[in-house]
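Student: The following feature annotations were taken from Swiss-Prot:
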type	residues	note
ACT_SITE	Ser161	active site, proton donor
ACT_SITE	Ser162	active site, proton donor
ACT_SITE	Tyr175	active site, proton donor
ACT_SITE	Lys179	active site, lowers pKa of active site Tyr
BINDING	Ile19, Asp68, Asn103, Tyr175, Lys179, Val207	NADP(+) binding site
Amino acid sequence: MSRSLEGKFAIITGGSRGIGEAIAHNLASKGCSLLLNYTSDSSRTRTESLCNTLSTTHKITCIPVQADLSDPAPAVNTIISAAKTHFTSPTTNTLTIDILINNAGVSKDRFLNDPSSGPIDPAYFNWHYTINVLAPLLLTQACAEYLPRKPAHSGRIINISSISSSLGFTGQSVYGGTKAALEAMTRTWARELADVATVNAVNPGPVVGDMYFATGEEFWKQMQGFQDNTPLSKLVDGEEAVEELLSEEQKRLIREKMGGRRPAFTREIAGVVGMLCTEDGAWCTGSVVCANGGLKFT
């Protein structure tokens, strides 16, 4: 793969697993050095191992930084401080943050007056909005002064949104609202930061992972109509990615319980993000780029 991001530096929140981990692999393969943010002690070993692998494989610098974005102000300070410590140029004594990926997020469905979880309350609302909206806002604001000044608009900010921002899934009054807010901020930042960066969002749909396969048949049934209408979701036996990334049990569940329609692989989402981070994405800003196999068209 072309090292089109050689010498660049990116911050990825929620970079230890899932889509964030896949983005880390993609950017590292392009020569980009990384700061991977993670939240809990349970992710420390995993993130350190990931950084070691990426550093060795791709000859880049990758550091793990623990910071809990549910308390965003000190978390942002921790991330920026670590970036200054490890990525300040020894020749110019300045820090340049070329790429920011606002990927970290939380989601827990709850219906209005939910019979099992109780009504939506301020604590539930604030938990979602603090991590999914306030944290990326504060981190983007903090990174703004370190975005590259030359060439013009050469910085990249990518916000990881969701199809939930606009499709009205039941139980997602709050989560869907946070992703709609993130997309609104994307458009605002595209104008405010136009001189130094492009700003876009990417909106995945269902993604392969342990959590998706654990959601169960009720959720899969809710998604079936959407998946049936997703042009790229048909499970194709023998396809390289299918054979590499899905277990036989997962393939069985897709055939028998999901109508033969698979979720995305995380690296498919990461590929779209990676493109937006390169020079090939230079004329795209303020957009919500669909990375969901056609589940939702722009």
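In case you wondered, yes, glycine gets a Cβ from its N, Cα and C as well.
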Student: Return one of helix, strand or coil for Ser162 (active site, proton donor), based on DSSP.
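Tutor: SS state of Ser162 (active site, proton donor) = coil.
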Student: Among Asp68, Asn103, Tyr175, Lys179, Val207, these being the recorded positions, pick the one whose CA is nearest to that of Ser162 (active site, proton donor).
Tutor: Lys179
Student: Ser161 (active site, proton donor) to Lys179 (active site, lowers pKa of active site Tyr): how many Å between their Cα atoms?
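Tutor: With the alpha carbons as reference points, the distance is 5 Å.
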Student: Based on Cα distances to Lys179 (active site, lowers pKa of active site Tyr), point out the closest of the binding-site residues Ile19, Asp68, Asn103, Val207.
Tutor: Asn103
Student: For Ile19 (NADP(+) binding site), which of the three DSSP-derived states applies: helix, strand, or coil?
Tutor: helix
Student: On the three-state reduction of DSSP, what should I expect for the residue listed as 'active site, lowers pKa of active site Tyr'?
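Tutor: In three-state terms, the residue listed as 'active site, lowers pKa of active site Tyr' counts as helix.
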Student: Rounded to the nearest angstrom, how far is the Cα of Asn103 (NADP(+) binding site) from the Cα of Tyr175 (active site, proton donor)?
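Tutor: Between the alpha carbons of Tyr175 (active site, proton donor) and Asn103 (NADP(+) binding site) there are 14 Å.
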Student: So which one is it: of the binding-site residues Ile19, Val207, which has the fewest other Cβ atoms within 10 Å?
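Tutor: Fewest other Cβ atoms within 10 Å, among the binding-site residues Ile19, Val207, is found for Val207.
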Student: Going by DSSP, give the three-state secondary structure for Val207 (NADP(+) binding site).
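Tutor: Where Val207 (NADP(+) binding site) sits, the three-state DSSP reduction gives strand.
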Student: Using DSSP reduced to three states, classify Asp68 (NADP(+) binding site) as helix, strand or coil.
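Tutor: The three-state answer is coil.
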Student: With Cβ-Cβ distance below 8 Å and at least 6 positions apart along the chain, what are the contacts of Asp68 (NADP(+) binding site)? List them in sequence order.
Tutor: Thr39, Ser40, Ala75
Student: Please give the NADP(+) site's span as the largest CA-CA distance among Ile19, Asp68, Asn103, Tyr175, Lys179, Val207, to the nearest whole angstrom.
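Tutor: Taking every pair of listed residues, the largest Cα separation comes to 24 Å.
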